[in-house]
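Student: Handing you this structure, nothing more for now.
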C-alpha cells in the first residue's frame, strides 16, 4: 500500500468529517437559511463528496479484488463531480459577493432563497454530468498509453479539464478585482460620512472581503500547481510528482470549513451552542448584512 494513498485516504476522511459538521450546523440551525449560507452549504457538500471520493478511490484500489472497471470509473466520476461542484460553488460565492456590493441597496431584497436554490440545483446537475463522463467514454482503460496523471482520464480530456479550471479561476479573480475596487470606493465614501452605521457596514465589507481573499487565496495555492502540472505531464512522469501536488490540492477542502468556523460569526455561534450549550459574551450581536460571508 502506497503511503501517499494512505495520506490521501486519511485526508479524505478528515475532509468528509469536517464538512459533514458544517452541513449539520447549517441544517439544524433555522437562522442559517439565507441564500449566502445555501452557497456555503453547496461548497461544504462538494467538499464532503470529494472526501468520500478519496476514500472510495482507496477502497477500489486496495480493498476490491480484483478492481472492477465500473467501480474505478464511478470513483473517478465522483471525484470529478465533487471538485467541479467545489469550483462552481466558489465561483457562485464570488458572484454573490460581487452583486451584493455592486447592488448593495437592492440585492439583499432581490436575492430570494428560491432563486438561489434553483441556481444551485442547475449547477449541481451540470457537475453531475461532468462526473458521468468517465463512464461515458472519457477514460483510458482500453489504451493505457493515453492515460493522464488523472487516471483513468485521458491526456486530452485532462487538458480540457485543466484549461476549463484555469479559465474559471481567471473569471473568479476578475470578479475579485472588481470587488476590491467597489470595496475601496465604499471605504472612501464612508470615510467622508463618519457615521456609525456606515462604519458598521465598512467593517462588514472588510470582513467579507478578507474571508473571500482567504478562500480564493488558499484555493489558488492548493490547486493552480496541480492544474498546470496536469497540462504538461502524462502517465510516464514519476507518480511522486503527482501525489506531491494532488495532496495539497485535496487539502483545500480541509481548509474551507476552518475558514467558515473561525470567520463567520453565525456559524461560530451555532457551533458553540451545539458543543457547549452557550455563546461566549465576546460575540457581537449586530445583525447579519449582505456583505457577510
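Going from the start of the chain as shown, residues are counted 1 onward.
Quick reminder: no glycine exception, Cβ is built from N, Cα and C everywhere.
Marked as domain 'G-protein coupled receptors family 1 profile' by TrEMBL: 18-260. If you look up TrEMBL, you'll see 6-29, 36-64, 70-93, 113-138, 158-177, 209-228, 240-262 marked as transmembrane segment.
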Student: Checking distant contacts: for the transmembrane segment (158-177), what same-chain residues at least six beyond its ends satisfy Cβ-Cβ under 8 A?
Tutor: 80, 87-88, 90-91, 94-95, 97-98, 148-150, 212-213, 216, 219-220, 223-224, 227-228, 230-231
Student: Under 8 Å, at least three CB pairs between the transmembrane segment (209-228) and the transmembrane segment (6-29) (pairs 6 or more apart)?
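Tutor: These two segments do not touch.
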Student: Do any residues, 6 or more residues outside the transmembrane segment (240-262), come within under 8 Å Cβ-to-Cβ of it, and if so which ones?
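Tutor: Tertiary neighbours of the transmembrane segment (240-262) are 2, 4, 7-8, 11-12, 14-15, 18-19, 21-22, 40, 43-44, 46-47, 50-51, 54, 86, 149, 211, 214-215, 218-219, 221-223, 225-226, 229, 233, 268, 271.
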Student: Sequence-remote contacts (6 or more beyond its ends) of the transmembrane segment (6-29), Cβ cut-off under 8 Å?
Tutor: 37, 40-41, 44-45, 47-48, 50-55, 57-58, 243, 246-247, 250-251, 253-254, 256-258, 260-261, 266-267, 270-271, 274
